[in-house]
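Here is the structure we will look at, set down as structure tokens.
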Ligand SMILES: [Mg+2]
Ligand SMILES: [Zn+2]
């Protein structure tokens with residue numbers, strides 16, 4: 001199965017240190033929605049895995065997170081694409097869950113849901129923890145330089161084999177000719 005896992009903030013939409021707390025704060029990165037549509041056209045199922053500790057911290061509730069994701073889904077549909085599913089970790093770091101990246105809990109859930117191994121699956125993120133979670137399940141880590149990506153690259157220590165691209169649109173340009 002052609003499956004690709006995307007982080008949300010800093011990959012699909014602009015990141016914010018103040019958290020994305022409402023739908024109007026969710027703003028797509030130029031080219032990202034079209035990139036998702038191109039992945040779909042190439043036969044990829046696109047799945048999102050996102051840490052949303054703002055829920056655990058009480059900054060917004062699950063209903064609001066659903067509203068934000070409804071906007072994301074609609075925006076992708078309007079660009080001609082489809083996000084198959086959104087997996088999220090609502091916990092704060094203190095809750096010590098198994099799903100908050102860099103732990104690979106969400107990726108393992110995705111593997112189970114789609115009944116597929118992750119060895120050939122690309123994981124796109126802008127933070128080290130996205131890539132560490134990918135490495136933990138032997139998936140293929142890709143760093144984008146949008147969101148926190150430039151800082152992440154400068155800080156170094158990326159998992160072996162991490163590929164680095166400017167943004168999601170560039171990832172798709174490259175993937176689709178590989
Ligand atoms: Mg991110
Ligand atoms: Zn969690």
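Note that Cβ sites are derived from N, Cα and C of the backbone, with glycine treated the same way.
Pulled from TrEMBL:
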- 7: active site, nucleophile (ACT_SITE)
- 7, 9, 126: Mg(2+) binding site (BINDING)
- 9: active site, proton donor (ACT_SITE)
- 50: site 'Stabilizes the phosphoryl group' (SITE)
- 89, 91, 97, 99: Zn(2+) binding site (BINDING)
- 100: site 'Contributes to substrate recognition' (SITE)
- 101: site 'Stabilizes the phosphoryl group' (SITE)
What remains of the recorded positions 7, 91, 97, 99, 100, 126 after requiring a CB under 6 angstroms from ligand 1 is 7, 126
Taking the Cα atoms as reference points, how far is residue 91 (Zn(2+) binding site) from residue 50 (site 'Stabilizes the phosphoryl group') in Å? 11
Which recorded positions are spatial neighbours of residue 9 (Mg(2+) binding site) here, meaning Cα within 10 Å, out of 89, 99, 100, 101? none
Given the recorded positions 7, 9, 50, 126, return the subset with CB under 6 A from an atom of ligand 2, ordered by sequence, or none if empty. none
Of the recorded positions 7, 97, 126, within 10 Å of residue 50 (site 'Stabilizes the phosphoryl group') (CA to CA), in sequence order, we find 7
Cα-Cα, residue 126 (Mg(2+) binding site) versus residue 100 (site 'Contributes to substrate recognition'), nearest Å, comes out at 15
Just name the most isolated of the binding-site residues 89, 97, 99, going by other Cβ atoms within 10 Å of its Cβ. 97
Residue 100 (site 'Contributes to substrate recognition') to the residue listed as 'active site, nucleophile': how many Å between their Cα atoms? 12
I need the CA-to-CA distance for residue 7 (active site, nucleophile) versus residue 99 (Zn(2+) binding site), whole Å please. 13
Take the mean position of the Cβ atoms of 7, 9, 126, the recorded Mg(2+) site. Which other residues of that chain put their Cβ within 8 Å of it? 8, 10, 11, 12, 15, 50, 125, 127, 130, 144, 146, 147, 148
How big is the gap, in Å, between the Cα of residue 101 (site 'Stabilizes the phosphoryl group') and that of residue 89 (Zn(2+) binding site), rounded to a whole number? 8
Which of 7, 9, 126, the listed recorded positions, has fewest other Cβ atoms within 10 Å: 9
Residues lining the Zn(2+) site besides 89, 91, 97, 99 (CB within 8 A of their CB center) are 51, 56, 90, 95, 98, 100, 103, 105, 106
